[in-house]
Every structure is written in structure tokens, then in C-alpha cells.
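Peer 1: Pasting a structure here, questions to come.
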Amino acid sequence: MSMRGRHLDAYSMYKRGTREHGFDAFDKEQGPERLLNGVGKDIGVPSWKRSLRHVLVATLSSFLYGYHLGVVNETLESISRDLGFHGNTMAEGGAFVGSLFSGLIADGVGRRRALQLCALPMIIGASMSATAKSLWAMLLGRLFVGTGMGIGPAVAALYVTEVSPAYVRGTYGSFTQIATGLGLMGSLFIGFPAKAIEGWWRICFWASVAPAAILALFMEFSVESPHWLFKRGRAADAEAEFEKLLGGPYVKSAMAELSKSDRGDETDTFKFSELLYGHHRKVVFIGSTLFALQQLSGINAVFYFSSTVFETAGVPSESANMCVGIANLLGSFIAMILMDRLGRKVLLIGSFSGMVVAMFLQITSATSLVSRSSGVYLSVGGMLLFVFTFAIGAGPVPSILLSEMFPGRVRANAVSVCMAFHWIVNFFVGLLFLRLLEQIGPLVLNSIFGAFCLLAGASGYKYFIAPISLAANPAGLSIQKMQTLVNDVIDGS
């Protein structure tokens, strides 16, 4: 019997088990791994330790993403003095291009090779920036880096979702947010001497080459996504990778689920029009809207404006950035702990609600209702609370959810489209922020940001978040079960 035939037999056994046990087998007391053992015997859940090292290697791409976001913050003054460089626009443009093509790359060469490829432009771009003698050399280097920044997070989200056991998938997905925060903090620490030591900014760019090289090297020894292998018709290789990730007793059940969810995919030709006009358009809309609301909440403006607010309170910019970074990391660690306990829905709604409260504090600080000294403390407290609550849900949840909701055939390309939309919104928010701040002032601008947070937490619940509330199961649904429920919501809407 062929390998494919054995997988279909396993799938038939899965169907019989489902009819006998019903969907209650997927409740929080009995995850999918307990059901799909072929004979109905409870074999528990696979060890999280097997997949941990592969996930940690992949999250190096998120560390690099955070590092390159922050590397110009402390060094911008000295780079501007030496080369006339004024910001991250080229990196954002490169990130848009990279994210747009990340799905094609991930589907074409695999998740593992795609992560290695994302390291290459980061190494080239960082080296060009470190050795730049002119503005154009710096801009070209940032363009290369931005391309890697666009590819990395999208592919890392796919990879982490596809190699993680269901019951820790949210926890592992939160690692990317933690890694981004660590990258931001790392760039801050390394950039401290930039104002005092001439040419130190070049060292800051050189420092990013090492983790990029480690990512490219260590991914060579990491597993490939079994989902991608199965989709490419390499079922035997998918079994071997599942054995490394889950252990022998769980291979049969894992392959049965793949046979159920991806059967027939290898004969279908994917078309981008499916994401815009076809069956998956509503989920793409949900994902793109979540990323848009994430950016329109004002998180990047808060990061940008934090130094000014803290300096008003008499806190140096270095200490201000440190406080913001710690708040971001603390929120990310709490998200990691709670993601698979409370679920995505609770963290997302709670996060946006907390951001509304934080924006209200900042708005109040700019009014005549409080004294100047009290206003400063309210503004600082509101800013730290905003960053903290963002990191709990609005930061990590959208990318985790998107990787879980789409079926394997369109997953990579659908995530890339949503991420590309994220970069478009990010670009325009950054472009218009200072202009709006000058024309309408911080009070009105913060009110606008607060309104978007309220939209995400209130109206957004009904139209965007409710359809994905199925992700609240603290034990973790299988990707296949989640996609079935999402499709039910779409078909019934």
C-alpha cells in the first residue's frame, strides 16, 4: 500500500473516532492529540521540549526585526551628522516588498529555507550600512535590511504555528513578541555610546550580523514544517519531522489530521484572486483589519513620542527608552503565560480595553483638569500602561491568529497579504504623525488613537473578533479544527 493510502486509512479511522466521540473530544479537557491515537487510547499530549529549540531558532528572525527597528533610534543623531540620514523610510519600503513576497517564498522553498533567506539580506544590508560612506549606500543597506524584516516575521509566524503542539502554540507564538522586544532592548543598549563615541553607529550595524548568521546556520539543523512537506507530496518526510517534533506515538494522529485538512490541496492551483474575491476573502479582511487597528491604535507614535514625554518629567531619553522597553517585555511575558490559558479572544479584547484606558490618561494629562505636575505623571503612566497592555494582546495575537485560521494551501500567501497591508498602514501612520501632531495637537491626536482602540475593542468585537473567538479554548485547538470552525462562520455569514 502506498504512503498516501496509509494516510487515508488513518484519516478514515479518525472519522470513525469523531463520529463515536463527537466534537466534545476537542474540549479543554481532551485535546486533539488525545483523540487521534488510532485506537482511542489516551496517550496524553506530546512533550513541548521537542519543538522548543526549533521555535527558539526561528524567533531569531523576530529578534533581528526588533533590533533593526530600534538600531537607528539612539544612533540617528550621529548618522545624520555623518551621512545626512534621517529615518527608517527605506527599511519600511523594503519590509513591504519582503512581506508581500514572503508567502511565495515560504511556499516555494519551504519555511526553513525562507528563514535562512531572510537572514541573507539582513547580513548584506547591515554590512552595507556599517561601511556606508554616502547617504545612498546607507539607504540601499536599509532597503536590503527591510526586505529581510518583511520576510522574517511572516515566515516565523507560519513556522512556529506549524511545528508547535496545539496546547502550547499560543505560548510559542508569543515568543516572537518577546524576541522583538529583546531586539529593541539590545539595539538600545548597544546604541548608548553612539552620542559619545564617533563612528560607534557602525558598530551597532555590525553587531546585527552575528544573530543573522546564527539564524541562517542553525536553521540548517532545524526541522522543516511537516505541513509544507505534506503539501508538497513528501508524506514520508513529513512523518519523519513529526517524529522529531512530537515523538513516535503521535505521528499517526498528526498525519491523520493533515490528511483530513489538506487532502486534494496538491492538485489545486492557488490564485491570489481567491484571497480578494474568493472563499477566504472575509478572513483576509479580518486579518488585515486587525493589523490596521493595531497600527492605528498609535503604538508607533507612542514609541516615537515617549522620549519627549519622559524628558518633560525630567527623565533622560536613554532611561525613557529603557522604561518603555521593560514595559513592553513585561507585557510580552504575561502574554506568553496567559495565551493558552485564557485564549486569544480574552487577551485581544482586554488589551485594546487597557489601551483605551491608557489613552484616556494621556488625554486627561493634556487638559486643564489636572495640574501641570500631575499631568506629567499621568502622561508617563498612561504611556507605560499603553505599551504594557499592547504587548499583552494587540501585539502578538493578530499574527498568531492568522497563522492558525487559514488552510495550508493558502496560509503562507494569505498571511503575506495581511502583513503587507500592515506595512502600508505603518508607513502612513509614521508619515502623517508629526504633521498631525503639529496641526491638531496631542490632545486631539490621542483622542483619535483612543477612538481606534475603542473601535477595536467594542465594534471590532462584533464584526472582526467574534468570528475568531473560537480560539479561546485554553487547551489549544488543532489547526484543522480551528479552520473548520472558521469556515462554518464564513459560510454562515
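Glycine too: its Cβ is placed from the backbone N, Cα and C atoms.
As listed in TrEMBL for this protein:
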DOMAIN    54-474  domain 'Major facilitator superfamily (MFS) profile'
TRANSMEM  143-160  transmembrane segment
TRANSMEM  172-194  transmembrane segment
TRANSMEM  200-223  transmembrane segment
TRANSMEM  283-307  transmembrane segment
TRANSMEM  319-339  transmembrane segment
TRANSMEM  346-364  transmembrane segment
TRANSMEM  376-402  transmembrane segment
TRANSMEM  414-437  transmembrane segment
TRANSMEM  443-464  transmembrane segment
Peer 1: Which residues of the chain, 6 or more past the ends of the transmembrane segment (172-194), have a CB below 8 A from one of its CBs?
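Peer 2: Same-chain residues near the transmembrane segment (172-194) but 6 or more away: 51-52, 55-56, 59-60, 62-71, 73-75, 77-78, 153, 156-157, 160-161, 164, 200-201, 203-204, 207, 318, 321-322, 325, 328-329, 332-333, 335-336, 339, 391, 395-396, 399-400, 403.
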Peer 1: Need a quick answer: max count of Cβ pairs under 8 Å to the transmembrane segment (376-402), which of 200-223, 283-307, 319-339 is it?
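Peer 2: Most contacts with the transmembrane segment (376-402): 319-339.
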Peer 1: Would the transmembrane segment (200-223) count as touching the transmembrane segment (414-437), i.e. at least 3 C-beta pairs under 8 angstroms with sequence separation of 6+?
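Peer 2: They do not touch: fewer than three Cβ pairs between the two stretches lie under 8 Å.
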Peer 1: Other than its close neighbours in sequence, what residues sit by the transmembrane segment (143-160), given a CB gap under 8 Å and a spacing of at least six beyond its ends?
Peer 2: 55, 58-59, 61-62, 64-65, 68-69, 90-103, 105-106, 111-112, 114-115, 117-122, 124-126, 128-129, 169, 172-173, 175-176, 180, 212, 225, 399-400, 402-403, 411-412, 415-416, 419-420, 423
